[in-house]
């Protein structure tokens, strides 16, 4: 069960690696495992690589290197000449349900596999729903026991009239306890020890979406030091279905015998090794030249005081805007840091009883912050919301209130033809709203301790500019249940505005500055920290809390705003072709159209999110400032000379790099296997349980991952599934020490889930599976 990775709910939908539970295996071993248990590829179809080769996207040098890593010595041309014309791979073994030739009934087009997936999925949707319907299943008996009770009633199999009574009688004989069911199922079905573990994993992968949701519940429980049994009970339900379909026949022509033969004969099938070589060559074609270019660049900064400094999130969408800002304002410097700005907070929305974690999902909140409370909804409004959630509201709501919504619908539709307004990211995000304030007694000393560590970690240890912008990011989209996937992942799938408001408020506090000066981190009197928000759908920079500035700072503000507008215009012009707009158009037109994309109900691609991500670079900005990284790189500020004990490097490897790896693998999986790890067609999404996830249509498994429109433009892929290249500027021995202290990052590097490069010397070094550095 540890192989099942969690998937987060819609209101905190962060990118996560669906392969996280397989990280103890090498990448190639995991490819074999996924093929065995789910018929899931860890690569694109081979034809995609051949097309990339013909287009020149895969270089001959990269293919030679990829072949040499496998021990091939015959040269690339001989390998290409041996390319088989027709590939007919042996299919993976089936589950028992798939071995029944009989469909669900003589008049049904469904297979038994479809029936099992549908029944379990609909039951899970009803069981886990807390926010959508007013009627809920009785939870007193437990997840498995309630499912079994449903199966023992005639209505539990209403979609299977031809088999209902037979299955109901078999359900009567199943154990009422999940653990007893698992034991009884193993005894009845007699799975061989050799393939028991992958078979159990295959059972869970049959409803992979709901298994991932159960794994999420277990993850959340683990953060609290607790346990959750839903995933194990889901396994019991899956095994119970296998037992329900087992007719007891054990002859050579029985379904049971076919199932046993399948697993015995196909257990050791492998993923296509040639395609994995193409996959590696595709990665090397980007990674190797970039690593070499980084080694050529100097990390030295001049010592002059910059006119402006701006700290952005490491999100790949920040890189083009940072480059535009530096080109527009040459005396500026930009930095990259995790978008929660080192503040591990949970944020309580006004009027809510729940504090939302707004930090990387790898971490637990350290404290809570909130803004001024909003007025509570009236009784009438609460009653109206309850009516909207009632089982019959889907019909009655349209009949009784449809016309009342007509004017609003017409207004929204008409507004798409005019200049769209800035997104209202939070109802309380207004100049006169209260700042988020720590509620757990976080005093001056604790704030000073936090800030004194954050400033050098962000690269702000030297001379501070008159303006220091702390730039979070957010996106604005309409009619998209997966909108949180476009927000800041480091903020738990929310905008980063509250973090930068909080931190800027601290850094502008005279009392805190006085304490920092005593600690040896004096801030110049004319330095102003200004919170800002990068709107990724339109590449605008929205300044926050400018009304609180001093008169002197407000007098300087128009000049800053003009510089930011110019940088945004340059970034928009460069991004325009990617979203189907003409780069030569007037900036006012581009801005309006990009805003409209975010406000358009029918727009399936308001922005490309993190599509294209392939690089993580931890180095001084001087190392990358001259490079056009094409919006594909997570850029984290790091200067090894300011990190004598290596703790900063360890923290980068353990958190930001792992988060970047998760994002990279989310996009990888949704592209390489959209059937299993993507959420399908965005136009067909229906929300499940208010916040749990989506169905594609109204049937099938819970869909996880990204919609197809997030990685494909209708003509071609917009994301190439390449494993992350993590490029670190630090001496190789220092980097090796940090890896030794962080087992998870080392595991990812040695098992090939990411490629770790040291770009400190004249030529790059890559960390290999044997635990050492080598030249590629």
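Glycine too: its Cβ is placed from the backbone N, Cα and C atoms.
Among the features that Swiss-Prot reports, Zn(2+) binding site is placed at 313, 315, 473, 488, with the record citing sequence analysis. Within 10 Å of the Cβ of residue 473 (Zn(2+) binding site) there are 26 other Cβ atoms, across all protein chains. Look at residue 473 (Zn(2+) binding site): DSSP puts it in a strand.
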Residue 315 (Zn(2+) binding site), number of other Cβ atoms within 10 Å: 27
Under 8 Å by Cβ from residue 488 (Zn(2+) binding site), same chain, sequence gap 6 or more: 313, 315, 339, 340, 472, 473, 474, 494, 495, 496
Other CB atoms within 10 A, centred on residue 313 (Zn(2+) binding site): 28
